[in-house]
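Student: Take this structure, written in structure tokens, and hold onto it; I'll ask about it next.
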Amino acid sequence: MSTTSSTFNPGKGNGEPVGIAILGHGTVGSEVLRLLNKYEDDLVHRIGGAFELKGVAVGDLAKVRPGVPKELFTDDAMELINRDDVDIVVEVIGGIDYPHEVVLAALRAGKSVVTANKALVAAHSAELAEAADEAGVDLYFEAAVAAAIPVLGPLRRSLAGDRVLSVKGIVNGTTNFILDAMDSTGASYDDMFAEAQRLGYVEADPSADIDGHDAASKAAILASLAFHTRVTSDDVYCEGISNISATDIKAAQSAGYTIKLLAICERLIDDNGQETVSARVHPTLVPRSHPLASVDKSFNAIFIEAEAAGRLMFYGNGAGGAPTASAVLGDIVGAARNKVHGGRAPGESTYASLPIADFGDVETRYHIDMEVDDRIGVLAETAAVFSDRGISLRTVRQEEGGEDHARLVIVTHKAKESDLAATIESLNNLPAVKAVNSVIRLEGE
Ligand code: NDP
Ligand code: HSE
């Protein structure tokens, strides 16, 4: 396998090709390698200089990897990144601790880094950005959010002159794949989870997807870039989809909604003009007529609202080997161009340093499904619990329940999270309420 172009070789100033090391040869890494080979001639022209793959670090050297010369592989990532002829390190291992160690070491050794690792970036962005600045190298991570969809580049560059108000969307392919299949085909959660795993969408630790942490990392990255404020995964309120049942999905359908796991990043402005940033991830009811409702399978979609640009929509493949490799390759080309021609990619911009909003102050609409006694006066008793907390009801629907109870489905107007939480606690203590079956937030109306 040749990875060096003999036809075009201004190299990186000293005539040497740009040296690339790939860490990881799994779903994403193997595709990066395949596409680097496939597009080599084009990439050399796009970079404006030759590049050469110096090695691929893996966990298990004994694994059979057809079509790739054995001598390229090593199980010593540290040794590979410290080679003098390596200029760009591509981290596609996953996890946090070990990639943190190697990425930091690479940056400190003066290598530009391209990573698809949202968990790493969301947890350690400050330290990594500082190391990149000190060494004067690039840190690229377009693939970390929504895989193939170019959304970080537009936030970093195209919208650098605008004022972003919100970034909202579906940023986790696995959960969208599962929720969409449960909604459209009635498929079981377990079957669809297994299929998502087979297709390579699911993280090594599946709870990262199911419990919303993967989407929370992406929300942190999006919010940081959108609002020029450091937002880490710890700043993101996060609920996953494990509590969403087939009954919730059916109930949503009959009310004209679909359930999506949304990441919502907003610039909030209080009555005194104080700005804060809110980033949250939770299952959300979306009207079936809303564009997000038709985002199916493992696709992702992100809406950005900016003051001057207005509304922008980004849609595409949010997971999988080749789509992710596309974004990684774009970053490799960017980093390699800078090695050949000089210059650096835009770095971290956190000058605005907006405070993170208290989650209790965030306002949303809610859809509450509960079982109540089927007797005169229950509706008034229940409604009083909401009005006591200043929550206004938008719709109240009573449906057939069992023999001695009725189902009450309430949609509220916008209310504070803290008021809603207190309301649910009071409802649970109200003798007329047998059970609060679900509380799901509502967007897009
Ligand atoms: P995989 O689990 O498929 O691959 C991980 C790779 O890392 C394997 O090749 C493994 O080696 C290698 N590895 C493990 N430990 C080490 C080590 N100590 N040194 C060197 N290599 C090691 O993961 P993915 O390719 O799916 O994901 C990689 C990254 O990309 C993650 O951060 C993920 O979040 C991100 N990402 C993934 C997407 C996807 O759809 N899959 C989409 C967007 C981002 P071995 O082959 O020997 O086991
Ligand atoms: N596990 C992730 C997802 C991969 O399902 O979206 C893409 O980041």
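Backbone N, Cα and C define each Cβ position, glycine as well.
Remember, TrEMBL labels are computer predictions, not curated facts.
On a predicted model such as this, the values are computed, not experimentally measured, just so you know.
Pulled the feature table from TrEMBL, pasting it below:
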- LEU23, GLY24, HIS25, GLY26, THR27, VAL28, GLY29, SER30: NADP(+) binding site (BINDING)
- LYS118: NADPH binding site (BINDING)
- GLU203: L-homoserine binding site (BINDING)
- LYS218: active site, proton donor (ACT_SITE)
- 367-441: domain 'ACT' (DOMAIN)
Student: Just checking the recorded positions LEU23, GLY26, THR27, GLY29, SER30, LYS218: which sit within 10 A of LYS118 (NADPH binding site), CA to CA?
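Tutor: Within 10 Å Cα-Cα: LYS218.
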Student: Compute the C-alpha separation of THR27 (NADP(+) binding site) from LYS218 (active site, proton donor), stating it in Å without decimals.
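Tutor: Here the two Cα atoms are 19 Å apart.
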Student: Within 10 Å of the Cβ of GLY26 (NADP(+) binding site), how many other Cβ atoms are there?
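Tutor: The answer is 16.
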Student: List the other residues in this chain whose Cβ sits within 8 Å of the Cβ centroid of the NADP(+) site residues LEU23, GLY24, HIS25, GLY26, THR27, VAL28, GLY29, SER30, in sequence order.
Tutor: ILE22, GLU31, VAL32, LEU33, VAL58, VAL92, ILE93
Student: Run through the Cβ atoms and count how many others sit within 10 Å of the one on GLU203 (L-homoserine binding site).
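Tutor: Taking all protein chains shown, GLU203 (L-homoserine binding site) has 19 Cβ neighbours within 10 Å.
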Student: Got a sec? Which of HIS25, THR27, GLU203, the binding-site residues, have CB under 6 Å of any ligand 2 atom?
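Tutor: Going through HIS25, THR27, GLU203 in sequence order, those close to ligand 2 turn out to be GLU203.
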Student: What same-chain residues, at least 6 away in sequence, bring their CB to under 8 Å of the CB of GLY29 (NADP(+) binding site)?
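Tutor: GLY29 (NADP(+) binding site) has long-range Cβ partners ILE22, LEU23, VAL56, VAL90, VAL92, ILE93.
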Student: Would you count the other CB atoms within 10 A of the CB of VAL28 (NADP(+) binding site), including those on all shown protein chains?
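Tutor: Around VAL28 (NADP(+) binding site), other Cβ atoms within 10 Å: 28.
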